Each structure stands twice: as C-alpha cells, then as structure tokens.
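Let me begin by presenting the structure, written as structure tokens, before commenting on it.
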Amino acid sequence: MQPIKVQRKIEPFIVFFVIASTQLGVGMLGFQRIVAASAGYDAWISVVIAGIATNTVMFLIYKMLKEEADLVSIHQQVFGKWLGGMFNLLFVVYFGYALLTVARSYIEVVQVWMFPDLNVFWFTLFFFILVFYVVNSGFRVISGLSFFSIVLPLYLILVFLFILPYTDFRNFLPIYDHSIKEILQATKDLTVITLGYETILVFYPFIKNGQKSEKWAHFGLLFTTFIYLYITFLTFAYFSEEQLKETIWPTLSMLKIVQFPFIERFEYISIVNWYIIIIPNVCIYLWCASRLLKRTVNIQQRKSVVGLLFILLFLIPQLETRYQVDVLNDYIQKIGFAVNYLYIPLLFVLLLIVKKVKNKR
Amino acid sequence: MKKYILLFLCLILSGCVNKSIIDEVDIERGVGYDEASDNKIRGTILLSKYNEDGTTENVTMTVVDETSVNILSRLQRQSDSTIVYGSLKLVIFSEAIAKKDLIEISDAFVRDARLGSRMYFVISEGSAQKVLKGEYGDHGNATFISDALDHNIKHGDVPKTNLHLFVYDYTQKGRTAYLPIIKKLNQQRIDISAIGLLDRQGHLVDKVSVKDMFYLKLLVDKYSGGSQVVKLDGDRATIRSIHSKNKIKISKRNPLEMSINIKVEGIIQEYRGKKLTQKKIEQFEKKFAEEINQNTTKLIKRFQQLGIDPAGLGHNAKQQTRNFDFKKWDDEYKDLTVHVKTDVTILESGVVQ
Amino acid sequence: MGFFFKKGNKQPKLKEQYSEETDTAPAKSKDEKESSYYNSETNLHFSIRYISTIVDQDIIQKNILPYLLDKQFASIADVKKILPIEDVQIETNEALIEEKLFNGYLVLKVHTDKQHVAFIAAKEVIVRSLSMPEVETSVIGPKEAFIEAIDQNINLLRIRLPVKELMIEEFTIGSVSKTRTALMYIDDIANMENVNTMRQRLQAIDFDQINDSSYIEQLTADNKNSPFPQFLDTERPDRAAGVLVEGKVVVLVDGSPHALIGPTNLVEFFSSPEDYLFNWITASILRLIRLFAVVFSILITPMYVAVLTYHYELIPKDLTATLITSRQVIPFPPILEALILELTIELLREAGARLPTKIGQTIGIVGGIVIGTASVEAGLTSNVLLILVALAALASFITPVYKMGNAIRFLRFPFLLFAQLLGLLGIVFCLLIVITHLLRLTSLGRPYLEPIYPPRWRDLKDSFIRLSFDKQIRRPSYVQAQKEIRFNPKHQKRRHDIEE
C-alpha cells in the first residue's frame with residue numbers, strides 16, 4: 001500500500017461526524033415500528049443495549065486497527081493472500097448491498113411521500129451523478145459532506161419538540177413489561193439502523209493519528225445512540241402501540257403534526273433534509289467498496305465506482321414494490337448483524353491468535 | 001465532459017414527476033360523507049376557489065358511489081382541472097355514517113401520506129352535504145369550521161382533537177375515541193353542539209352536550225381552557241379554568257378501584273353578589289370542586305354503562321399494572337368504582353375586589 | 001531643441017552598429033529617438049537612445065544632458081559620478097538594451113567604449129492622484145484606494161507597515177505586456193509555504209498580456225473552472241495591510257488598482273472592512289445579516305418555484321389565497337415567470353453597470369419601477385414574485401466583494417432549474433453539489449470552506465461573527481502563520497471581581 005498523503009487525511013475528531021453519519025440514515029425513518037414489534041414500548045431499552053453493543057464492536061475494531069492498517073491487511077494476516085482476498089470481495093458485495101438498500105429505501109420514501117409518479121430510473125440517475133461527483137472528489141470531501149449531514153439537519157432535533165403537546169410519556173409505563181428475550185430480539189432488529197460504522201475498517205488509514213480518533217469514534221456512536229433514543233422516546237409517547245405497528249415511517253408521520261406560520265406541513269422539509277443525511281451514507285459505502293476493490297484486485301477506484309453505480313442504476317428500478325424493499329431490508333438486517341456482531345469479533349480473536357503464533361516464532 | 005452530457009440528458013428527459021401548479025389545480029379543502037340509498041355513500045367535496053378581490057368561493061360537488069375512495073376519482077371526471085387533496089382540512093361524517101362506516105372511510109385518510117395530521121374529523125347533525133353548502137366567513141367554509149374548532153380547543157370547552165389524536169385514541173387499547181359534532185344553524189353560522197363518543201368499533205354511541213363538555217374536557221384532555229358558572233347562596237361567579245391536570249390512578253386492587261385527581265387552576269371572570277373576600281373565594285373553590293366531582297362522576301358512570309372509555313381509564317390501569325389483561329379489564333370496567341377528587345385553586349379575581 | 005541632431009549625423013560607426021540591430025527589427029517605432037553628442041571638454045563622442053513617449057523630457061534636458069556635456073565625462077564609468085540620477089546601470093550585456101529602452105531608460109553609448117552601455121532611468125510616470133475607494137466604499141474609516149501605479153501602491157502599504165520584515169518580490173509577467181507584479185508578505189509572519197506556492201504560480205504564468213490583477217487571479221487560481229473567486233481582491237490599502245499582518249500574501253500588479261489576497265476562504269468574502277471599525281457586536285450582527293441575505297437571495301426564487309409547482313401542501317392556508325389570486329391571470333408556469341423576472345433584473349443590473357453612473361442610476365430606478373409595475377399589470381408576473389425577486393436582488397448587492405456577488409448572482413439559475421425539475425428535492429440536490437464543489441475548492445492549497453469545514457472552533461471568532469480584538473489572540477489557523485500569536489494576552493487587564 002502506498003502511503004497516503006497528509007492532505008488527503010482527515011483529522012481525528014472528524015471521525016465523530018463520519019461515524020455518526022454512517023449510522024444515521026434512512027433506517028432512522030422507520031426503525032421504531034420494527035423494534036416495537038417485538039419489544040413494544042420497552043424497545044428504548046434495546047436502543048441503549050444496541051448502543052453498548054456498537055461501542056463494544058468499535059472497541060474491538062480499534063484493537064485490531066492498532067495492529068494492522070486496515071481490513072485488507074487484517075484479512076491478509078489472518079487468512080493469507082488468496083482467502084483474504086476472497087473475504088475482501090465479500091465485503092465489497094456487502095457494502096454494495098448496503099448501498100443498494102439505503103438508496104432504494106430512500107427513493108421509496110420519496111415515492112410514497114412526495115412524488116408517487118416518480119420515474120425511479122431517472123431519479124436514481126440524478127442521485128448517482130451527485131454520488132459520483134462526491135466520491136470522485138475523494139475521502140476528504142466525503143468526510144466533509146458527513147460533517148454537513150450532521151450539522152445542517154441538527155435543527156430537526158428542536159423541530160421534534162413541537163410534537164410535545166401531542167405526547168404522553170406515561171405510555172412507557174410500566175417499564176420493563178417485556179421479557180429479556182423480546183428486548184434482545186428488538187436489539188437484533190435494531191442492527192439494521194446501527195450499521196455502517198464498520199466502514200472504519202476501510203477508511204482508517206485516512207485518519208491522521210488513527211489511534212487518537214478512538215474516543216471520537218465512540219463519541220460518534222454515543223451521539224447516534226442518543227439521537228435514536230431521543231426519537232424512540234418521542235415516537236412511543238406520540239403513537240399508540242397499535243398505531244405504531246401500522247406506521248411504516250413513524251419519524252415522518254410524527255413530523256406531520258408540526259406546523260409553522262410559514263410552513264404548514266413539515267414532513268416535506270424533513271424528507272428533503274434526509275437527502276442530505278443519506279448522501280454521505282451512500283458515498284461512504286461506495287467509496288469503501290471501491291477502495292477494497294483497489295486494494296484487492298487493483299482496479300482504479302474511479303472505474304470501479306462507475307462500474308458499481310451502473311450495476312446499481314439498473315438494479316434499483318427492478319425493485320418496485322414495498323414488499324421487495326422490505327425483503328431487501330430484512331436481508332441487510334441479517335447480513336449486517338452477522339458481519340458486525342459475529343464476524344468482526346471472530347476476526348478479532350483470529351487476529352489475536354495469529355499474532356501470538358507469529359510472535360512465538 | 002461526459003459528466004455534463006449526462007447531466008444535460010437528465011434535464012431533457014426528466015419528465016420524472018407530475019406537477020401540480022397551485023393556480024392550475026382545484027384545492028379540495030373539505031369533504032363530507034352522507035348515507036345514500038342501497039348502502040351507497042354520498043360524498044360531497046368542498047373546493048376553494050379564490051377570486052381576485054380576495055374572497056373565497058365555496059364550490060361543492062356531490063356524487064354517489066359505493067365506496068368513499070371512488071368519489072374523488074369520479075369527481076375528477078366532472079372537473080375542468082385536477083382536484084388535489086393534499087391540503088384537506090376537514091372531513092365531515094353525517095351521524096348516520098358515524099354510526100356505521102366511519103372507520104372504513106377514515107382508513108384512506110390515515111393511509112395517504114399527502115394528508116396532514118392536523119386535519120379535523122367532525123360529525124354533523126344532519127347531512128354533511130348541507131353543512132358544506134353554507135357560506136361561512138370570507139375564507140371558505142373549511143377554513144371557517146377548522147378555525148372555529150381551533151380556537152374552541154385552545155380557549156374553549158372542546159377537547160383536543162385532530163386526525164392523529166383520533167387514530168391514537170381509537171387504536172389505543174383501553175381508550176375510545178371522540179369527535180366534535182357540529183350543527184348548521186343557518187346559511188352563515190355553525191355551532192359546535194356536542195361531542196360524539198365512539199365505541200371501540202368506532203361507531204357513534206353517545207353525545208356529550210354543551211353543558212357537560214367542560215367536564216369531559218377535564219377528563220380527556222391535559223389542558224383545559226373552558227369556563228363554568230358556579231352559584232353559591234345566591235351569589236354567582238364565572239370561573240374560567242386556565243390550567244387543568246388530571247391524574248388517573250389505581251387506588252385499590254382486588255377489587256379494582258380507580259381514582260381521578262383533577263387539579264384546576266382558574267380565575268374569576270365575572271362575579272355577582274356580596275363582597276368577594278378570600279373566604280368567599282375559598283367557598284367558591286370548594287363549590288366548584290364539588291360540582292366537578294358530581295358531573296364527572298356522572299359522566300364516567302355513563303361511559304361505563306356504554307362500555308366506552310374516552311378518559312382512558314383502561315390505558316391508565318395498564319400503565320400501572322404489569323402483564324395487564326385487557327380481557328379481564330373489559331369485565332371489570334362496567335362495575336369499576338371510580339372516585340373523582342378535584343382540587344380547585346382560584347389564582348386571581350380580576351382587577352377589582 | 002538645439003541639442004538634437006538628425007540620427008547618425010556625426011557618428012557613422014555607431015550608426016552602423018545600430019543599423020545592424022535595427023535592420024533585424026521589423027520596423028522602428030516613430031517615438032524611438034536616437035541622437036549623438038560631443039563633449040568638448042573631454043573630447044568624447046557619445047550617443048543616447050530612448051523612447052520619447054515614456055521618458056521624461058525634463059529629466060533629459062535638466063538632469064542628464066547638461067551634465068554629460070559640461071562635466072568631466074571621460075569614460076562610461078564616469079556617468080555614475082557625474083549624473084545626479086540614482087538609477088544608472090552600466091552593463092556589458094547588449095541584449096538588455098531592448099528591454100531597458102522600453103522601460104523608460106536612456107541608453108547611453110560612448111564612441112570609444114563599445115563594450116559598455118549605460119542605462120539611465122528617465123521614466124515618466126503618469127500617476128493619477130489617490131481617490132476614494134469606489135467598489136469597497138465605507139462610511140467611516142480610511143478613504144484612500146489603490147491606483148494603477150504599482151510603486152505608489154507599494155508606497156501606500158509601506159506607510160502602513162513600516163517594518164523591515166515586509167518583503168517585496170518582483171516579477172515581470174506577460175510575454176508582451178511585461179507587467180511588473182509584486183508579491184508581498186511579512187517575512188516572519190507569513191507561512192513560507194504560501195509564499196512559495198504563490199511565487200511558483202506567478203513564475204509559471206505563461207501568457208502574453210496581463211492587464212489587471214484579475215488576470216493573475218484567474219491564471220493562478222486553484223480551480224479554474226469554479227465560479228467562486230479563489231483570491232480576495234481589494235482596492236483598499238487598509239484591508240491589504242490588515243491581511244498582510246494576518247500572515248497572508250498580497251499580490252500587486254502594475255496597472256491594476258486591485259490587490260489580490262490569498263489564501264482566503266468563503267466566509268472572508270462576506271466580511272467588509274468596516275466590520276473591523278465598528279464594535280464587535282454591531283459588526284457580528286452585520287455579518288450574520290449579510291450571510292443570511294446571501295442564502296436568501298440564492299434560495300428564495302427557487303423555493304417559490306418549487307413550492308408553487310409541486311408542494312402546494314406546504315403553503316399555509318392563509319397564504320394560499322394571496323398566492324393564487326396574484327397568479328390567477330398569469331399565463332406562464334412559475335418557472336417561466338421567475339426566469340423572466342430574474343433575467344429582467346439581470347438586464348437592468350448589466351445596463352446599470354455599463355452606463356455612466358448617472359444614467360445607470362436612472363435606469364435602475366426607472367427600470368425597476370416601470371418594468372416591474374408594468375409587467376404585473378400586464379399579467380406577466382405576479383406581484384408576490386416581484387417582491388421576492390426584488391428582495392433577492394437587493395440581498396445579493398450586500399456581498400462586499402464584487403466578484404463574489406457576481407458568482408452568487410448566477411448561482412440561482414441552476415437552482416431555479418432544479419427546483420422546476422424536482423421541487424424542493426431539486427434544490428437540495430443543487431445545494432449538495434454546491435457544497436461538494438466548495439469542499440473540493442482550495443485557495444493556495446488551503447481549504448476554502450474553513451472554518452466551517454474542516455471545523456476550526458478557533459477561527460470562528462473572525463468569520464460569521466467578529467469577536468472583540470482582545471479575543472483575537474491568534475491568527476487564523478488556515479493561514480498557518482509562522483507566528484501564530486498576535487499579541488501576548490498577559491498584558492491585558494485582568495478581570496476584576498464586582499466592585500465592592
């Protein structure tokens with residue numbers, strides 16, 4: 001691997017924004033229904049547990065990255081060149097799939113909430129031109145966009161307060177009315193929304209003083225946990241349990257009640273805002289996939305970006321119904337859970353063993 | 001360069017979405033549903049047409065069809081420009097519909113993302129079509145009625161309601177929904193004449209008249225702004241509640257007993273009688289509290305008999321019980337003892353003694 | 001004019017020598033003069049050659065010729081002694097003759113010494129007097145502006161910064177125009193990396209003509225395809241001096257009354273020199289208003305188009321009536337209506353800028369009122385939009401730097417187009433493209449969006465707001481000055497407890 005120029009690197013504290021922006025995405029619009037399905041109004045506990053879980057995995061990731069530069073070299077250490085390469089390619093597929101899910105889910109939101117007659121192909125093309133422009137500018141610009149995607153929509157936190165007159169926080173009572181199993185099930189379901197931070201395995205070499213960024217990565221995770229918790233609290237206080245089960249995008253439905261003297265329907269503004277939120281999300285996945293391809297099979301990153309975008313451009317319009325999007329989300333949930341909470345800890349243990357063995361020699 | 005060509009292509013080819021230019025569409029502001037013969041529904045929509053002099057013209061269109069959803073598409077065919085329904089403000093159900101199909105019809109309103117959550121569902125005494133056909137105010141009928149509800153909710157006796165709260169109450173286990181009932185007085189006036197109470201299936205079963213609206217609001221709403229006349233030994237005071245709270249608790253288990261603690265903070269708006277001393281005020285507080293106790297207890301008895309629960313006693317009981325069993329609750333509810341305890345504080349009595 | 005003789009009358013040899021040169025040259029300009037003289041005291045024949053239109057005849061007749069003819073002028077080395085002129089160079093390199101000649105030097109040749117040539121400075125500099133700043137006007141504060149003469153401009157800066165560390169490097173740029181360009185910086189403050197980058201870029205310029213500092217700006221920009229200016233330009237010596245002290249680099253170009261400043265960032269373009277003259281609270285509020293105005297001016301018309309075309313639900317019910325009635329008679333969709341009005345405003349602005357000041361003002365007022373009301377009455381545009389466009393135009397004038405103002409002016413057209421295509425989503429799409437573009441942009445290699453991104457808490461004190469001077473302890477971090485600390489805060493007064 002060639003050393004990366006200092007100008008291309010980002011400062012440690014930017015990791016906060018990058019990590020947070022990978023986690024905040026289109027999942028935030030509809031996670032409440034999924035978690036409430038199994039844990040009811042106790043699902044907020046699941047959010048806290050999921051927060052702890054992500055932080056644990058992040059801790060493991062940083063321990064690994066202390067030893068090795070990035071995912072590719074970890075794989076190489078653990079599995080050797082060929083098998084490691086195979087695993088890299090699997091990760092490329094995983095990132096590509098995540099990218100597909102995020103993009104398609106957002107386009108679905110636009111379809112349902114804004115333009116029912118949207119031409120998916122053309123909109124995707126629009127979308128991808130922007131994505132290409134961003135990814136083409138390199139990681140520094142992507143991280144910059146992550147920063148904006150956190151800072152610009154931050155005002156929404158305050159906007160959510162306008163629903164307070166319609167909330168009843170006694171809905172949470174009695175606390176802990178569900179079994180541990182149900183809560184853990186909800187935690188597992190939550191992984192779909194907390195995905196994304198594992199990308200640090202790929203972009204880690206682009207951080208100045210990598211290890212110094214650890215606390216910022218954890219802060220990023222805490223920040224998203226806080227945001228999710230905040231929205232969960234408000235949602236559960238706002239909806240009745242039955243109502244929530246039928247609402248696909250509770251976050252947006254909630255914003256429907258917000259009204260200002262100059263804007264009557266705030267959810268439109270928030271959908272548009274979500275565009276800013278998901279762009280870095282999509283870009284990071286794409287960048288990571290192409291970076292892995294470059295590191296594994298040595299394809300020029302620009303070419304693989306264009307290639308991936310073209311594949312997705314023709315895949316996305318094929319997925320037409322709500323059901324298909326749901327299936328897409330179901331799979332990413334399962335795969336993401338496996339990658340983050342099974343594979344990464346396993347990799348950590350394997351790396352530990354490999355290092356021990358090599359040291360003994 | 002390739003990028004720019006692609007972008008250019010995009011611009012040309014993107015007839016991606018349909019436009020709805022504001023002055024080229026008809027904006028539907030209200031809709032009303034009445035019963036028609038053969039189990040059909042008569043739907044009336046209210047369009048706002050804006051004249052250049054700033055007045056709003058009410059245009060109503062009526063059609064009879066089997067389902068409520070078809071009504072709009074049938075009316076589209078009769079209109080010269082597209083009718084858009086995104087800023088619908090008001091849905092009126094006639095009493096007959098409210099007793100039967102209200103929930104089926106409302107499904108379309110809940111499902112559609114285009115519609116706002118602040119829309120009002122209202123039941124009309126008499127035909128909904130007749131209500132929509134009036135000429136109220138300068139800004140259109142729908143605006144007039146929704147504004148009337150708005151300010152009565154904020155400053156009057158009408159408990160808080162809108163599409164979201166209706167769905168919330170209806171779907172919440174251990175709670176039933178209510179909707180305001182309006183009556184057309186004459187061509188220029190309407191009146192909020194009662195609050196309709198719906199049962200668990202969403203059928204209108206009872207009405208709370210104007211007299212009891214204040215007490216209903218104390219039970220179902222978090223804040224109350226209504227006023228009430230209290231008489232005491234020939235003296236009379238109008239007390240306006242500026243702030244109220246209710247707390248519903250399980251006071252005893254096996255057998256279950258519940259208590260409702262109502263706290264009212266109010267001001268004396270009008271007083272007729274002897275000098276208003278602190279003692280007198282305290283007497284008024286007590287008298288008012290008593291009246292509230294009596295009336296709300298009466299209301300709750302009525303709810304229990306009908307098997308409805310707009311105050312959400314069941315929901316509150318559930319919050320205070322682990323592994324709450326709603327089946328058991330249904331049996332218990334009818335004979336449940338409910339104690340109402342009210343605490344009235346009069347904060348001010350105006351600028352004169 | 002008794003001194004002048006016909007060229008080559010007395011010195012056939014010299015003439016030969018010159019004619020050799022002039023033969024190779026295509027043609028001789030009318031104002032190129034050459035004459036020969038004889039110093040009777042030392043018995044020396046010599047000739048002078050000059051371009052009559054750029055030398056000062058007074059100097060020749062009063063300060064040069066009398067001395068050359070009457071004093072002890074025995075060899076070419078004596079020239080330095082006898083002439084009261086400082087800038088006299090004796091060179092052996094004949095190739096220099098051409099260059100010096102056209103830079104206002106007298107070329108002196110002595111008959112006996114063919115190897116040496118003397119160049120005597122006799123340039124006539126026509127300088128207009130200092131005037132008030134015209135682009136960056138201010139109500140209070142210094143009232144002088146740069147002029148076209150570079151020496152004069154350097155002089156203005158030197159007066160403000162009388163320290164030996166103020167360095168000036170000079171370059172001649174332009175294969176035809178030979179424009180003198182000065183690179184200025186303060187030696188122990190400015191980051192040498194910035195200076196080197198600028199120097200390299202100046203040296204790398206290969207262009208025939210430099211008419212103004214704007215040429216240099218465009219030729220040395222980091223991204224030449226960006227609508228945003230990447231160097232701040234100013235006509236105010238106080239501003240130039242101010243940024244020099246901040247550690248930035250200033251480029252002065254002969255013939256241009258505008259200095260270039262780099263590195264700069266986006267926010268700096270919205271700061272006016274007056275911001276440093278008011279107290280910090282007023283200044284901060286003014287800056288915030290300015291930034292708000294910019295966002296408003298870019299977004300308001302596109303929002304109008306987006307909302308009226310796609311998102312009627314967003315419009316509050318009380319506003320719907322106003323909007324619909326105002327648009328009722330208009331035959332065009334909102335986008336056309338907006339484009340017509342925006343283009344009209346742009347036309348008025350262009351016309352106003354091209355015409356002489358007085359007529360320009362009249363055009364602005366007449367055009368604004370007459371065309372505006374007429375188009376509303378004719379039913380071509382709605383009065384609501386007219387108000388919005390006029391407000392947007394007003395807001396766009398607020399940008400203190402003219403070039404940035406122009407960039408912003410045209411930024412709203414792509415926004416309009418995308419608003420028409422995808423409504424609010426299109427606006428955000430465009431916004432994201434602009435943000436990405438700004439993220440990519442650098443000025444002298446320093447990030448353009450700083451202190452927003454990369455976020456620098458410290459630099460916020462002089463960006464969206466301006467804190468008081470005693471808080472400005474450090475120089476802006478994106479400049480990466482050698483000396484970061486401006487002053488020692490220890491000398492400041494300690495904060496005391498509440499007076500007892």
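Every residue gets a Cβ built from N, Cα and C, even glycine.
TrEMBL annotations: computationally assigned, not manually curated.
Keep in mind the model is a prediction, meaning the values are calculated, not measured.
Per TrEMBL, the feature transmembrane segment maps to A:12-31 (among others). Nonlocal intrachain contacts for the transmembrane segment (A:12-31), taken as residues 6+ away from its ends with a CB within less than 8 angstroms of a stretch CB, comprise 54, 58, 102, 105-106, 109, 142-143, 146-147, 149-151, 189-190, 192-197, 199-200, 203, 207-210, 212-213, 216-217, 219-221, 223-224, 227-228, 231, 248-252, 274, 277-278, 280-281, 284.
Marked as transmembrane segment by TrEMBL: A:43-62 (among others).
Using a Cβ-Cβ cut-off under 8 Å and counting only residues 6 or more beyond its ends in the same chain, the transmembrane segment (A:82-100) has close neighbours at 71-72, 75-76, 195-196, 199, 202, 282, 285-286, 288-289, 292-293, 295-297, 308, 311-312, 315-316, 328, 331-332, 335-336, 339. Annotation comment: TrEMBL describes A:82-100 (among others) as transmembrane segment.
Marked as transmembrane segment by TrEMBL: A:120-139 (among others).
Annotation source TrEMBL lists transmembrane segment at A:146-166 (among others). Listed by sequence, the residues of this chain that lie at least six past the ends of the transmembrane segment (A:146-166) yet keep a Cβ under 8 A from its Cβ atoms are 14, 17-18, 20-22, 24, 227, 230-231, 234, 238, 254-255, 257-259, 266, 270, 273-274, 276-281, 284.
Summarising the annotation, TrEMBL assigns transmembrane segment to A:186-207 (among others).
Residues 15-20, 23-24, 28, 31-32, 35-36, 41, 43-44, 47-48, 50-51, 54-55, 58, 157, 160, 163, 166-169, 171-172, 190, 193-194, 197, 247, 250-251, 253-254, 257 of the same chain, all 6+ positions outside the transmembrane segment (A:219-239), place their C-beta atoms under 8 angstroms from a C-beta of that stretch. Per TrEMBL, transmembrane segment is recorded for A:219-239 (among others).
The annotation transmembrane segment is assigned in TrEMBL to A:274-293 (among others).
Taken from TrEMBL, the feature transmembrane segment applies to A:305-323 (among others).
According to TrEMBL, the feature transmembrane segment maps to A:335-354 (among others).
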Do any residues, 6 or more residues outside the transmembrane segment (A:186-207), come within under 8 Å Cβ-to-Cβ of it, and if so which ones?
1, 4, 8-12, 14-15, 18-19, 22-23, 25, 27-28, 31, 34-39, 42-43, 46-47, 49-51, 53-54, 57-58, 61, 64-65, 69-71, 74, 91, 95, 98, 139-140, 213, 217, 220-221, 224, 228, 281, 284-285, 287-288, 291-292, 329, 332-333, 336-337, 339-341, 344
Report yes or no: does the transmembrane segment (A:305-323) come within contact of the transmembrane segment (A:43-62), defined as 3 or more CB pairs under 8 Å with a sequence separation of 6 or more?
no
Going through A:120-139, A:274-293, A:335-354 one by one, which has the most CB pairs that fall under 8 Å from the transmembrane segment (A:43-62)?
A:335-354
